[in-house]
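Enquirer: Attaching a single structure in structure tokens format; questions to follow.
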Amino acid sequence: MTNIRKTHPLFKIINHTFIDLPTPSNISTWWNFGSLLGMCLIMQILTGLFLAMHYTPDTTTAFSSVTHICRDVNYGWIIRYLHTNGASMFFICLYLHIGRSMYYGSYTYLKTWNIGIMLLFTVMATAFMGYVLPWGQMSFWGATVITNLLSAIPYIGTNLVEWIWGGFSVDKATLTRFFTLHFILPFIITALTMTHLLFLHETGSNNPLGISPDSDKIPFHPYYTMKDILGLLPMIFIMMALALFYPDLLGDPDNYTPANPLNTPPHIKPEWYFLFAYAILRSIPNKLGGVMALVLSILILAILPMLHTAKQRSLMFRPISQCLFWMLMTNLLVLTWIGGQPVEHPFTIIGQLASISYFSIILILMPMAGLIENNLMKW
């Protein structure tokens, strides 16, 4: 008798995706982050669902409803801290996942890569709107500053901002629509994730060597299911350590003060995972220029396949490109640090230099290194 997982219409899809999927035998731990992101998404949806049961999207009660969740709801505090720190873990896994794809040349799978960029934008939008919901000082002012950036768009900017706000300032209408969108977007992310997987399984996974793995493939289960579970354990450990011992380590103390439109915090800054883009935004003195640089800092990922000049796909045997890649990673850490600092000397000049080097490494130096390495191979 044929196994039910190979004949049943529904189980057959699961079987081809997670059990009998032919996978390259040499993929490393860097390929674990896809499954970790899936687990983060499931956890965010579950914790978010329980938080939404007790949260009220109203300017007068939003802050106190979050306090009520932490104080009065059974295990409300752990649900809330798992959700906030879960977002941080989500972005850590997301950035490592993108970094791995850049290092090993996975962006050559165009459909998968483009869906991935759409996923990144959607996750960023969801996280931003989630940060507004507790209605603390940083929530309110973060929402005001970031949405106000759209006013830099010529002609329609001001109208667009007021349309998003639902009035002439960030108020009840803004909070209600942000809550609605924050609730619905994770389900859109889930649909996009399924599309991402669908396109990935059309081509098969990449591998560290960047060559065709067709000659040596193994079934996904049990080999990679075990490997993914092994990767899941440290992630759960870090997450629980954050939620139980250092729940506010990655947050902002200003968000424990209720939102006050009459009192501006000394330093308005977003969550740590947006600081690199925020630093690029601030490094340009012109408003429209800053907004364009902010969008391009992430949208630049879409043109990576066009900038690939090397004959080899992976950076594994390309020392010059490797050096540039790690310079880019260090540069991103510098930008993240600068994004959290006040706008004063020497931070402004460091931010401007880091922003210039960020774009030059990706747009000029990496393609040049690829061409140099092509010529070196002829020697």
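Glycine too: its Cβ is placed from the backbone N, Cα and C atoms.
From Swiss-Prot, for reference:
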type     : residues  : note
BINDING  : H83, H182 : heme b b562 binding site
BINDING  : H97, H196 : heme b b566 binding site
BINDING  : H201      : ubiquinone binding site
TRANSMEM : 33-53     : transmembrane segment
TRANSMEM : 77-98     : transmembrane segment
TRANSMEM : 113-133   : transmembrane segment
TRANSMEM : 178-198   : transmembrane segment
TRANSMEM : 226-246   : transmembrane segment
TRANSMEM : 288-308   : transmembrane segment
TRANSMEM : 320-340   : transmembrane segment
TRANSMEM : 347-367   : transmembrane segment
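Walk me through where these features lie, including what they touch and how far apart they are.
Expert: Under DSSP, H182 (heme b b562 binding site) is assigned to a helix (H, G or I) in the three-state scheme.
In the three-state DSSP classification, H97 (heme b b566 binding site) falls within a helix.
A helical conformation is recorded for H201 (ubiquinone binding site) in the three-state DSSP classification. Long-range neighbours of H201 (ubiquinone binding site) (same chain, six or more residues apart, CB within less than 8 Å of its CB): H16, T17, L21.
Proximity of distant same-chain residues to the transmembrane segment (178-198), defined by a Cβ-Cβ separation under 8 Å and at least 6 residues beyond the stretch ends, is recorded for 17, 37-38, 41, 44-45, 48, 52, 55, 57, 112, 115-116, 118-119, 122-123, 125-126, 129-130, 132-133, 143.
Residues 29, 32-33, 35-36, 39, 78, 81-82, 85-86, 88-89, 93 of the same chain lie 6 or more positions beyond the ends of the transmembrane segment (226-246) yet place their CB under 8 Å from a CB of it.
When Cβ-Cβ distances below 8 Å are used as the criterion, the transmembrane segment (288-308) is approached by residues 98, 102, 105, 107-108, 110, 113-114, 117, 120-121, 124, 149-150, 152-154, 276-278, 280-282, 355, 358-359, 362-363, 366-367, 370 of the same chain, each at least six residues removed from its ends.
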Enquirer: Give the nonlocal contacts of the transmembrane segment (320-340) in its own chain as ranges (CB under 8 Å, at least six residues past its ends).
Expert: 99, 102-103, 269-270, 272, 274-280, 282, 310, 347, 350-351, 354-355, 357-358, 361-362, 365-366, 369-370, 372-373
Enquirer: Three states by DSSP: which one describes H83 (heme b b562 binding site)?
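Expert: The residue in question, H83 (heme b b562 binding site), is helix (DSSP, three-state).
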Enquirer: Among all the protein chains here, how many other CB atoms are within 10 A of the CB of H196 (heme b b566 binding site)?
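Expert: For H196 (heme b b566 binding site), the count of other Cβ atoms within 10 Å is 21.
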Enquirer: With a Cβ cut-off under 8 Å, give me the same-chain residues at least six positions beyond the ends of the transmembrane segment (77-98) that come close to it.
Expert: 30, 33-34, 36-37, 40-41, 43-44, 47-48, 50-51, 66, 69-71, 116, 120, 123, 127, 130, 235, 238-239, 242-244, 247, 250-251, 271-273, 301
Enquirer: Can you tell me the CA-to-CA distance separating H97 (heme b b566 binding site) and H83 (heme b b562 binding site), as a whole number of Å?
Expert: 20
Enquirer: Going along the chain, which residues at least six beyond the ends of the transmembrane segment (33-53) come within the CB cut-off of under 8 Å?
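Expert: Contacts of the transmembrane segment (33-53) (Cβ under 8 Å, skipping residues fewer than 6 from its ends): 69, 79-80, 82-83, 86-87, 89-90, 93-94, 96-97, 100, 182-183, 186-187, 189-190, 193, 228, 231-232, 235.
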